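Annotated DNA-binding region per TrEMBL: 105-167, in sequence order. Annotated compositional bias 'Low complexity' per TrEMBL: 196-211, in sequence order. The domain 'PBC' annotation in TrEMBL covers 1-104. Among the features that TrEMBL reports, domain 'Homeobox' is placed at 103-166. Residues annotated as region 'Disordered' in TrEMBL: 196-215.
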Amino acid sequence: AAAAAAAASGGSSDNSIEHSDYRAKLTQIRQIYHTELEKYEQACNEFTTHVMNLLREQSRTRPISPKEIERMVGIIHRKFSSIQMQLKQSTCEAVMILRSRFLDARRKRRNFSKQATEILNEYFYSHLSNPYPSEEAKEELAKKCSITVSQVSNWFGNKRIRYKKNIGKFQEEANLYAAKTAVTAAHAVAAAVQNNQTNSPTTPNSGSSGSFNLPNSGDMFMNMQSLNGDSYQGSQVGANVQSQV
């Protein structure tokens, strides 16, 4: 529970920094919009007042009806309204560009290398009964994959969710990594036994030196039988995961 809380706090801290940066830039765009809008409103009022004063002065030399003054004021307001609409459109475009940049940056950070994905998947499927790596394991995986610990935590959290939602789809992938792990283990055992036989002196047995014929790794793997064979208990992997759901 403590490890999960620490992982969550690490991921949330990165998200909070990113969100605070996004909010800061969004606030800056909003401030610019309100400042420019205030300037346009002030300019509109000043220009309207100037035109009305001119019309009043001209009314001394020629008749100007109140409707004519009202019509001129309406024209001025429509002109400035179109300018305000352009300001709103520019502001909306700035917000959309800002949002797309942050989303693109997050997508780039989520795209791990093929090698990193392989390492994370191997660990996940080799610990299907409890796919919750410890803090030490996360640090080791982060070093191997050249990513941060919080990214490792986020990857495992997302992987567990996807796996539980569609176990059948990921069963084939689980079988693949289980077979890969088994072959690796068989090679390791074969190498260890061969090394032991090479370094250890032979012991006489009934007047003759006994020899131990070690099967090669290919035979050992064939003895395990193929993944599609009846003797391979691949369903146990899914059962272990289902018990965690």
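Numbers run from 1 along the shown chain.
Just so you know, glycine gets a Cβ as well, placed from its N, Cα and C.
Along the domain 'PBC' (1-104), the predicted structure has mean pLDDT 82. Mapped onto DSSP helix, strand and coil, the domain 'Homeobox' (103-166) counts 49 helix, 0 strand, 15 coil.
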